[in-house]
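Per Swiss-Prot, active site, proton donor is recorded for 701, and the stated evidence type is similarity to another entry. As annotated by Swiss-Prot, 5-methyltetrahydropteroyltri-L-glutamate binding site applies to 18, 116, 495, 518, 521, 522, 567, with the evidence given as similarity to another entry. The L-methionine binding site annotation in Swiss-Prot covers 437, 438, 439, 490, 605 and is backed by similarity to another entry. Under the heading L-homocysteine binding site, Swiss-Prot lists 437, 438, 439, 490, 605. Annotated Zn(2+) 1 binding site per Swiss-Prot: 647, 649, 671, 733, in sequence order, evidence recorded as similarity to another entry. Swiss-Prot lists 658, 662 with the feature Zn(2+) 2 binding site, giving similarity to another entry as the kind of evidence.
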């Protein structure tokens, strides 16, 4: 009985790759230094899987930035602005595409399906000359082979690559990307040929777009692609891997009939309906890679339940064709529990990170083969039972309060236009008010202070003094820049979710539970293991302190319930919406306390609202209903003069704009600059929006400093579709990851651009 891993985290157990990348970008280390760290990480991952007994070990799931970018470089799909002259793509071109450079902007980055990982969006069109320009997949296969590990090279499948791309600038928006299939398949054939020549016997194509609602012509592209590749794939075993959701019934038929394919991988954690499809019929003689171990969460698998599922499949697939696998790449979970010595022992017994999931996969495969490790299974059963019965999981008062929310509407009593009038009388803001999204750069000194306070190396008084000094600097800087609505910069916060989770009951935290978000950026999601409540105020002291330093409005800064939910590892023993309602009630208590403390502008970030949207349209309405309801719960009951802002990230909002309007926030700021004003098209199409809105005027994910003219041009584009009296001027996102040398001139240019347009508007009257 065989075992398989879809993919594995790249960053390393202690984020070794992150630090190596950032050192290289800062010119503190060489390309060779970076390559050495990467090679050591790959080697240790392959060895770890081989030692654990995994039969089908993946290669080419490592990346210096992103696997879709790797595929674009493999195909030589480099936008002209990066001046790629042909040959093998090196770090300069690769990282310019990912991050931009002094003279050209980065490519767009967007969410990878409904996860918190981001991929670089390929820019394609009829003029792209595809060529085999990165031999990474073959090189990594050979590298593993030299170490004595025979791996399964993994490629993003050709159809998924095209479906995740976008038409390049200057190409018609309606350009049929799938028409490029004939142009990219010759490159795939070259790669496959080289892998075969190097000795590969298996190859994995990741085609996760198969779980989406696809149109018939899109489905036909899969049939066409694999028919075209069939002769090249001859002599290889081929896995087509899917993940993140159920496979639609029609898609299942097409997928399981693909030519040249030996095995199919399915997510059986999020795909219970797929299980029914398999039981209804599976192609004879094909392998089933059964994704029963959850790759997206940190809970130990219920091994008895997984084994039962696998046993039910044995009769359908055949014992020798059933392979135990993860539900998706382990990229989306933390790396190794061994690095968590301080985690509460009981909670720790309920968990499994990537390294432990590899062991679970192998234990299930051995159990199926009649070599069940009884002690391992008993220990797992005891942990499952302890989690079900632990008193720390349940709080009856919280359960009751959350249950009472169902079915009610919870909406502020007056309309948004009436509230905006009342707020303007109180705040007296200029036309095109300027603000920032919340965080300011976190210097090494600031991080040191927080670290030492956490380690009890400095006193609380010293810590408070240091944070107050930092807030004072940030307030002073914003006043000097003449920003209208200020923020305190969040110097006390390590992370916008962890900071709140640390002060809420029902949350646990890891020391090294890092997960890659994009590039070198990692997040450390909290673990929601029990019912959530707020024992004490969380932000009031710092917001009040900051407001006392200025006469200008100071925003209270909170993270919204849906974002806390979507950016945490969430308990899987109750529906997600129940946990979300509990968090909403905790945030509501905080909002009320901020208002009482004299904070007139409160931002409740819902950066991840869109990200939680189920992949299939049939499930959208239910999710949006409870997600939007949860947000509205947080700001009831407030005075009309209290202005509620919300902020959203990386999102294509056009399909959910009516739900966003239904959130009933007074002002919404949205990341917009990297998506070439995609958001504005919604308003061009006549959607009426009466609340304040601030589409980001510059990209904070790039070190590039935009000019006043560039920002003014962006504002003018916005004014072409939005009323002057509702438009706000702000960056895309928080400034935490940037340096002050980048932030000061960028904000200076932003304020200058707003003033320039104000003057033009005044003289045009």
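Glycine is treated like the rest: Cβ placed from N, Cα and C.
Looking at the residues that bind L-homocysteine per the record, 437, 438, 439, 490, 605, the two CA atoms farthest apart are separated by 13 Å. In the shown protein chains, 25 other C-beta atoms lie within 10 A of the C-beta of residue 567 (5-methyltetrahydropteroyltri-L-glutamate binding site).
Taking every pair among 18, 116, 495, 518, 521, 522, 567, the residues recorded as binding 5-methyltetrahydropteroyltri-L-glutamate, the greatest CA to CA distance is 20 Å.
For the recorded positions 18, 521, 647, 658, 701, the largest tally of other C-beta atoms within 10 A is found at 647. Summary: among the binding-site residues (605, 649, 733), the fewest other C-beta atoms within 10 A of the C-beta are counted at 649. In the three-state DSSP scheme, the residue listed as 'active site, proton donor' falls into the coil class. You'll find the Cα of residue 671 (Zn(2+) 1 binding site) roughly 10 Å from the Cα of residue 437 (L-methionine binding site). Neighbours of residue 438 (L-methionine binding site) among the binding-site residues 18, 518, 521, 567, 649, 733, defined as a Cα within 10 Å of its Cα, are 733. Considering only the binding-site residues 605, 649, 658, 662, the residue whose Cα is spatially closest to the Cα of residue 116 (5-methyltetrahydropteroyltri-L-glutamate binding site) is 649. Under DSSP, residue 647 (Zn(2+) 1 binding site) is assigned to a strand (E or B) in the three-state scheme. DSSP gives residue 658 (Zn(2+) 2 binding site) a helix state. Surrounding the centroid of the Cβ atoms of 437, 438, 439, 490, 605, where the record places L-methionine, the chain contributes additional residues within 8 Å, namely 436, 487, 496, 557, 603, 647, 733, 734, 736.
Counting only residues at least six positions away in the same chain, the Cβ atoms of 11, 15, 18, 514, 515, 516 sit under 8 Å from the Cβ of residue 522 (5-methyltetrahydropteroyltri-L-glutamate binding site).
The two recorded residues residue 567 (5-methyltetrahydropteroyltri-L-glutamate binding site) and residue 490 (L-methionine binding site) have their Cα atoms spaced 18 Å from each other. The recorded positions shown are 439, 490, 647, 701, 733; of these, the one with its CA atom nearest the CA of residue 521 (5-methyltetrahydropteroyltri-L-glutamate binding site) is 701. Of the listed binding-site residues, namely 490, 495, the sparsest Cβ surroundings within 10 Å are found at 495. Distance between Cα atoms for residue 490 (L-methionine binding site) and residue 662 (Zn(2+) 2 binding site): 28 Å, as a whole number. Taking 649, 662, 701, 733 as the recorded positions under consideration, the smallest Cα distance to residue 439 (L-methionine binding site) is found for 733.
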